[in-house]
Every structure is written in C-alpha cells, then in structure tokens.
Amino acid sequence: MGSKIIIQNAQLAVPNDPVIPVIMGDGIGPDVMQAMRLTLDAAVAQAFGGQKKIEWLEVLAGAAAFAKTQEWLPRETLDAIKEHIVAIKGPLTTPIGGGIRSLNVTIRQELDLYACVRPVRYFEGVVSPVKRPQDIDLIIFRENTEDVYSGIEWKAGTPEADKVIEFLQKELHVNIRANSGIGIKPISAFGTKRLVKKAIAYAIQNHKPSVTLMHKGNIMKFTEGSFKEWGYQAAQEYFPQETITEQEVADNGGKIPDGKIVIKDRLADSLFQQVLLRPTEYSVIATPNLNGDYISDACAAQVGGLGLAPGANISDHVAVFEATHGTAPKYADKNMANPGSVILSGVMLLDYLGWQSAGQLITDALAKTIQQKIVTYDLERQMSGATKVGTREFAEAIVKNLAC
Ligand SMILES: NC(=O)C1=CN([C@@H]2O[C@H](COP(=O)(O)OP(=O)(O)OC[C@H]3O[C@@H](n4cnc5c(N)ncnc54)[C@H](OP(=O)(O)O)[C@@H]3O)[C@@H](O)[C@H]2O)C=CC1
Ligand SMILES: O=C(O)CCC(=O)C(=O)O
Ligand SMILES: [Mg+2]
C-alpha cells in the first residue's frame, strides 16, 4: 500500500506513508540494505509515535534483475523511481574492461541525477589514519552526468576507434598512436553551472564558509579549466550578494564580509594533500565527475573508511540515495559489512523527506553505538577493546540505542 510523494509548488509533498523504491543491490547490498531498512523503520516509528511509516517497494537491478528478467536494469525500475521521486539503492557490480556499462552510472544519467552529494564527517571513537579527524567536515558535490565517466569510449582496434583516430589526424592534425583506446571527456557550461549552483545553495542554507572548485584546469584547459571558469560565473550569476571570491577577499585586506561565502578553486592534485594537511580550510567541494569519485573515497578514509560514507544522487526533485562504497564482493552474504554508510544515506533520505527528527535519532544512536565500541569488522580491526558484531547486529545495536 502506501501513498505517492508528489511535487506541489516546486516542493516535495510527502504523505505519512510514502512509497520508497529500494534496490537491494549486489554483493554486500542485501546485507546492508536489510540493516538500513530495520534502522529507518524503527527510527521513523519512534520519532513520529507510529504516525508515519515508509512503505518499501522492492525494485530490481543488477544480478537479481538479470536472474528474473534477463535485463540488468529493467525499464520498470527506472519508471518506478521517477514515479515515486525518492529512492534508495544498494551497490551494483560493474565488470572491468568490458561487459555491461555501469548500472549505477546509467541510473544517474537516465534520471538526470546531476549532483552526487557525499558528506564526510567524523564519529568520535573511530580510529583514523590522520591525527585530527575531527577537523574534517566536508561535503562533496560531484557532477554526476558528464566527464570521462559518461562512457563514450571505444576499444583499441575497433572500426570506431580507428575512425576517430583517422578523423583527428586528417581533420584536426592531431596524432594519436594506432591501436589506442579512445575516451571522450565532455564537460559543459550547463552541467557545471547547475552543479555549482546546487553546491552554493547548500552552502548558503547550511551556513558553510566556502565552496571550493576542484579541477585540473592547468592540464585539461577546456574541460576542467572551463569547469573552474563556469563555476565562478555561476556564483556571480546566481548568488552575487551571497558570495565573494578568494581574490576579492585578498583585495579586501583578507576580510570576509559577514555571512559571505568564499568561492575559491584548487588544482585537484594539490587539494588531495590540502584536505589531509589543512582540512579546516575546506567545506563544500564542487568538482567534475572523476575527481569527485576519487576524492570521496580518499576523504572517507580520513574518517575511518568506506563503512561510514553516505551519499545521494539528486536532480531538481528525483533523488536516489546510496553509499559511496561498492559491492565489496569478498564480504557478500557474510553478514560482515558495515551498514553505516547506507544507514547514513538513509538519514540523508529522511532529511530530504523533511523527517529530520527521525534522521537525528539515527545519527545520535549510531554515534552512541560506536562510542560503546560495538562495531563491524572494519572498525573493530583498528580499535582496541572493541566488540566485533555482524551487519545485522550492528543495526540492532543502533535500534536499541534509539530509545536511550
Ligand atoms: N555506487 C555503486 O554501486 C558502486 C559500485 N562499485 C562496484 O563495486 C564493485 C567492487 O568494487 P571495489 O573496488 O571492491 O570497491 P568497494 O567499495 O566495493 O570495496 C572496497 C573495499 O572497501 C571496504 N568496504 C567497502 N564497503 C564497505 C562496508 N560497507 N563495510 C566495510 N568495509 C567496506 C572493504 O575494505 P577491506 O577489504 O579493507 O575490508 C572493501 O574490500 C565493483 O564492481 C565496482 O564497480 C564501486 C563503487 C560504487
Ligand atoms: O558504477 C560503479 O561501478 C562505480 C561507481 C563509483 O565508484 C562511484 O560512483 O563512486
Ligand atoms: Mg567510487
């Protein structure tokens, strides 16, 4: 049963019993998604005294879909997500070097989920490879539909690759070695500006001090370099009153006018070391697709690993929540993986519905469970004196702590 979320006056109108499509996923997906559902159901029931309830609608993708329908990503799954507006998914396997294209990327592209939003925060008690993990409070806005990630590529030696090489040689006098694989890196003004607009809007709404444009524009001048230019233009066009550039701050004797958000940019390689050495200088990061993929796993490591790394893929309304990590195949069906990432993705989903009180209950209970040193294998192996529990038992411990 359940009722549909609808859009009214450009806002989500959320019933008390929204239907939320859920893809259980491959590998560790089913284990962590069951744990997520258990936790969200308990928190929603507690926060709203039984007045609200999520009605989960299982939809198929990946191996489960193929086994049943001979399709990896059935059209009905995409239609169900579009129709119900908010969904959550487990990770899906992508073969390397051939085979099907990434289903995860296909979902983002098909639904135009243009912003991949990945917050990185520290939970006290988690052992981290850095000295002051508590200084890290970042949120990555990764462009989610373009870049080399868009999957426009041809294998070396195919007629298509040879044709592109020949075209480039003949028409543009560019030499590429024979027998090269070819990939295309499209980055547009449209894609960049809507992403940066969302990142700055988030910074304004959440009182964040800065938005950093992360790019490799010294080398890839007309893709990542243009990302930087268009990013600054987006700030100027959409938020001229609310933002100031780092250069303007310098010209202003280093003073930041009250409430203004500083827009700055950093080369991608440099930013990887800056977030390690001076994390307090960074807050919201906006970046093209591939940089965003890399920096989100690297930042997750700084706060203890991929077990506590949530995320969301968001368009103007439709949103699909998912963890940053993948299917971790060696832990599939072992009740071992940390469900923390997808549970925190569920917290993002609850916030998106406007059910923040339920989300806050979960965040507090998760923090408490870690402080009690009840953790899954990934955190336990780094902590001393911790109790190692399975995926399901970790979720049960969180649920127990909801009540306290
Ligand atoms: N959005 C998606 O659906 C994504 C899908 N993928 C896909 O997933 C598959 C596997 O990719 P892979 O490179 O192994 O990356 P994964 O993120 O799946 O796993 C890499 C390692 O990270 C650690 N890890 C990941 N998730 C958890 C968790 N929940 N709890 C504890 N530790 C965790 C494990 O480390 P350790 O071994 O040290 O314990 C694991 O071996 C590939 O097919 C890839 O394409 C990848 C990323 C995103
Ligand atoms: O689609 C995949 O298999 C990998 C995607 C990924 O690593 C990511 O989106 O972070
Ligand atoms: Mg990734």
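Cβ coordinates are placed from backbone N, Cα and C, and glycine is handled just like the others.
Among the features that TrEMBL reports, NADP(+) binding site is placed at Thr93, His325, Gly326, Thr327, Ala328, Pro329, Lys330, Tyr331, Asn338, Tyr377, Arg381. Here TrEMBL flags Ser102, Asn104, Arg108, Arg118, Arg142 as D-threo-isocitrate binding site. Positions annotated as Mg(2+) binding site by TrEMBL: Asp293. What TrEMBL lists as domain 'Isopropylmalate dehydrogenase-like' is 19-398. The N6-succinyllysine annotation in TrEMBL covers Lys89, Lys228. Look at TrEMBL and you will find Ser102 tagged as phosphoserine. Here TrEMBL flags Lys131 as N6-acetyllysine. Per TrEMBL, site 'Critical for catalysis' is recorded for Tyr149, Lys216.
Recorded features from TrEMBL, shown on the structure.
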| residue | record | DSSP (3 states) |
| --- | --- | --- |
| Thr93 | NADP(+) binding site | coil |
| Ser102 | D-threo-isocitrate binding site | coil |
| Arg142 | D-threo-isocitrate binding site | strand |
| Lys228 | N6-succinyllysine | helix |
| Asp293 | Mg(2+) binding site | helix |
| Ala328 | NADP(+) binding site | coil |
| Asn338 | NADP(+) binding site | coil |
| Arg381 | NADP(+) binding site | coil |
* How does the model score the domain 'Isopropylmalate dehydrogenase-like' (19-398) in terms of mean pLDDT? -> 97
* Structure fact -> Those recorded positions among Thr93, Arg118, Lys228, Asn338 lining ligand 2, judged by a Cβ under 6 Å from any of its atoms, are none
* Select, from Lys89, Thr93, Lys228, Gly326, Lys330, each of the recorded positions with a Cβ positioned under 6 A from at least one atom of ligand 3; if none does, say none. => none
* Pairwise Cα distance for Arg142 (D-threo-isocitrate binding site)/the residue listed as 'Mg(2+) binding site' [Å, integer] -> 7
* Structure fact -> The most crowded of the recorded positions Lys89, Lys131, Lys216, Lys330, judged by neighbouring Cβ atoms within 10 Å of its own Cβ, is Lys89
* Structure fact -> Close to ligand 1, in the sense of Cβ under 6 Å, among Lys131, Lys228, Asp293, Asn338 as recorded positions, are Asn338
* Asked: Of the binding-site residues Arg108, Arg118, Gly326, which one sits closest to Lys216 (site 'Critical for catalysis') when you measure Cα to Cα?
  -> Arg118
* To do: Using DSSP reduced to three states, classify Lys131 (N6-acetyllysine) as helix, strand or coil.
  => coil
* Asked: What does DSSP say about Lys216 (site 'Critical for catalysis'): helix, strand or coil?
  -> coil
* To do: Could you work out which of the binding-site residues (Thr93, Ser102, Asn104, Asn338) has its C-beta surrounded by the smallest number of other C-beta atoms within 10 A?
  => Ser102
* Out of Arg142, Arg381, which of the binding-site residues has the smallest number of neighbouring Cβ atoms within 10 Å? -> Arg381
* Structure fact -> Among the recorded positions listed as Asn104, Tyr149, Lys228, Arg381, within 10 angstroms of Lys89 (N6-succinyllysine) by C-alpha we get Asn104
* **For Tyr149 (site 'Critical for catalysis'), nearby residues of its own chain (Cβ under 8 Å, 6 or more apart in sequence)** => Val105, Asn289, Leu290, Asp293
* By Cβ count within 10 Å, point out the most packed of the recorded positions listed: Arg108, Arg118, Lys228. => Arg118
* Taking Cα-Cα distance, which of the recorded positions Thr93, Lys131, Lys228, Lys330, Asn338, Arg381 are within 10 Å of Ser102 (D-threo-isocitrate binding site)? -> Thr93
